[in-house]
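First the structure, in the form of structure tokens, and then the observations on it.
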């Protein structure tokens with residue numbers, strides 16, 4: 001780079017000083033060294049020669065024009081000429097090497113057009129004439145006209161990694177970088193939408209990574225498209241095992257996920273597993289895979305990089321949908337023999353043979369004959385053939401060549417659904433729509449859903465589509481909250497290509513009807529329950545169940561509030577998960593996965609770095625329960641008691657029943673506030689342990705939560721008034737009857753919470769001799785707390801006292817059940833006191849509940865009596881209490897006063913098998 005003088009375009013000998021830069025691809029000159037965007041850009045490939053012309057001058061000659069430059073002296077001129085010639089030669093050598101396997105006709109044209117995604121004329125603010133704009137790879141080039149583009153001489157280039165694109169009017173849009181805003185006007189609204197979409201894709205491409213592409217290109221055969229031979233293909237079909245150029249990948253996408261699962265080598269980097277990147281595509285490669293797919297292609301039907309879309313469509317359909325050119329396996333047509341051969345081959349590393357068997361009819365879901373290894377995937381896992389597992393997993397639901405009917409699996413939806421009407425649509429994007437879209441960002445479109453295809457047009461009379469997507473390629477339907485965007489009601493469609501489509505309308509009935517029909521077209525018939533309610537999002541996700549994460553399946557999920565409905569692979573009934581009652585939720589950020597534990601069942605949902613994953617994760621996390629919400633929005637136990645209440649009651653039961661003045665003494669306010677904040681954030685992750693949490697602090701946390709929780713235990717002020725009025729009834733029996741009726745009228749969570757609190761207070765007053773808290777004292781404290789009053793009205797305390805006094809009658813608890821609970825509590829307290837006096841380890845307790853143990857043979861019997869969810873953690877007894885040593889991890893659910901006998905492994909048992 002450096003300063004040179006050049007003649008102006010008119011060709012006069014008046015030289016102008018310009019800052020000139022040279023790289024491997026372009027020669028550019030600028031007004032000055034501070035400018036970012038050039039006045040002219042010359043492609044090195046368009047330069048035919050560089051000449052010394054005397055007088056410190058030299059010429060850069062292209063096919064149609066000569067540029068004259070003058071240096072400060074002859075030495076500087078010679079340096080420029082030498083460097084230019086060397087750069088031109090290196091560039092030519094590089095192109096010859098990359099094109100040596102192609103004809104001149106196809107190859108030369110491919111070098112120019114294979115990376116261009118869109119080109120055409122646009123008006124630009126500040127200029128009288130239109131510019132010819134070309135989007136190529138991750139840059140935008142501006143030319144004065146199409147002729148200049150063909151000559152390789154332009155105005156400037158814009159690197160899109162610094163760009164953002166936004167529509168400003170029906171035909172206008174801005175391309176904004178940190179240095180300048182370029183304002184363009186398209187010929188029509190449809191053209192504007194296409195330009196915005198193409199530019200946004202260019203931004204995404206510029207921000208992508210070459211890491212995966214470079215690894216896959218290290219296999220020489222993968223440096224050319226498997227279908228047309230274009231250089232540097234940066235897409236791939238992960239189930240067909242072919243590497244593709246962008247043009248062919250677009251045709252593959254049109255076939256649908258049931259035929260070809262297309263991924264970008266650059267933009268989907270995190271979605272590629274090490275097996276795919278490091279081994280599978282390197283082991284096979286386009287040449288080897290084409291020995292099967294392209295064994296019999298007539299020369300007249302072959303593609304080249306310059307083939308148009310229609311030619312590609314015909315070729316790709318014939319090659320993969322019809323299997324027209326494939327090398328037929330010797331067992332073709334013999335289903336049983338194909339399946340048997342598949343089960344044998346997957347025990348080896350011959351993935352190419354597996355590919356040949358599968359795409360000649362072998363069933364990847366066939367029964368192997370071994371009940372312990374019933375499927376081909378389980379056989380491949382057993383023999384450690386990870387590449388076979390990878391290949392089989394991606395072809396779990398693939399539609400085989402020669403049959404568009406395919407295998408009607410969980411992924412297929414009901415198709416005979418049709419609907420038409422106007423909607424407003426924004427330009428699609430490659431990421432979730434987080435910012436608010438105004439009405440100006442939307443364009444009116446005539447939309448049609450028919451035979452599983454969702455299409456949209458400029459108007460009802462338009463014959464050509466503005467866009468189309470197959471419902472089988474839609475991953476997720478999202479219903480947005482009212483008022484999120486300019487149009488009051490809106491929804492989003494997440495496509496498997498990574499694009500997100502936003503539609504809206506002001507009419508709630510119109511949007512509701514579209515959501516209804518799209519939902520039905522999206523899910524299979526057996527899963528219609530997933531869209532028959534007020535869901536927020538519905539779609540399919542990869543998941544694994546149980547302990548094994550090696551063989552993910554595809555399932556359908558529907559989320560709304562705290563409910564997650566799901567239809568797993570192979571099942572015919574929709575299941576329901578109450579997210580508030582989850583035992584565990586953990587997020588694997590690196591793997592983009594979330595683990596749910598519900599009623600002992602482990603479910604791992606995989607995001608695959610899809611744009612809709614964060615929405616699923618956010619929705620699930622919000623559905624877990626909010627500590628600042630009302631009772632029915634809290635995290636809950638299986639008995640529908642808020643986890644916060646359950647944790648505090650369990651701790652007080654174990655450590656505070658004999659604490660004098662319990663619930664009357666004040667704790668440390670800062671510690672109470674901090675503990676309550678932690679519990680409200682995620683109560684399941686908080687463990688209240690002796691020595692860390694003081695009894696009085698925990699007691700005050702419980703009181704403060706009950707006093708502050710939204711709507712209170714009695715479901716609001718108005719609903720609490722009948723409880724207070726009951727105190728005016730003179731007859732005890734009638735008051736008890738009214739209390740029972742009012743209890744029954746409470747929502748389930750409120751009823752369960754009140755029952756848990758009153759049960760706890762009944763137990764507390766049973767130890768009144770030690771803690772000095774009888775029914776009356778407890779009522780004084782908990783009356784204003786539960787009714788959320790200021791304490792001036794004695795009615796609240798009177799209600800609580802009568803609830804404690806008549807606990808058995810009102811809550812329908814038998815005397816024997818209550819006595820067993822009190823006996824167990826006494827047993828726990830006595831055991832703790834004895835061990836404290838002797839200085840020996842405390843008895844094994846879980847969540848504050850004592851486990852009564854005795855050895856019997858080689859096993860350990862444990863009896864549990866509790867009202868809460870218990871988690872049994874692995875323990876290693878280093879203090880000599882070998883009979884109490886437990887080497888197991890399990891979760892058990894025990895309801896109020898139920899007695900459960902567990903058989904656990906003795907110390908010498910094998911933990912792995914327990």
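Just so you know, glycine gets a Cβ as well, placed from its N, Cα and C.
Positions annotated as domain 'PH' by TrEMBL: 1-89 (among others). Per-residue confidence over the domain 'PH' (1-89) averages 88 (mean pLDDT, predicted model).
Residues or ranges marked as domain 'PH' by TrEMBL: 115-204 (among others).
Residues or ranges marked as domain 'Arf-GAP' by TrEMBL: 210-320.
The domain 'PH' annotation in TrEMBL covers 416-523 (among others).
TrEMBL lists 634-811 with the feature domain 'Rho-GAP'.
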List the helix, strand and coil residue totals of the domain 'PH' (115-204) as derived from DSSP.
25 helix, 40 strand, 25 coil
Which numbers of helix, strand and coil residues does DSSP report for the domain 'PH' (1-89)?
19 helix, 40 strand, 30 coil
Out of 1-89, 115-204, 416-523, 634-811, which stretch has the largest tally of CB pairs under 8 angstroms to the domain 'Arf-GAP' (210-320)?
416-523
On the DSSP side of things, how many residues of the domain 'PH' (416-523) fall into helix, strand and coil, could you say?
21 helix, 44 strand, 43 coil
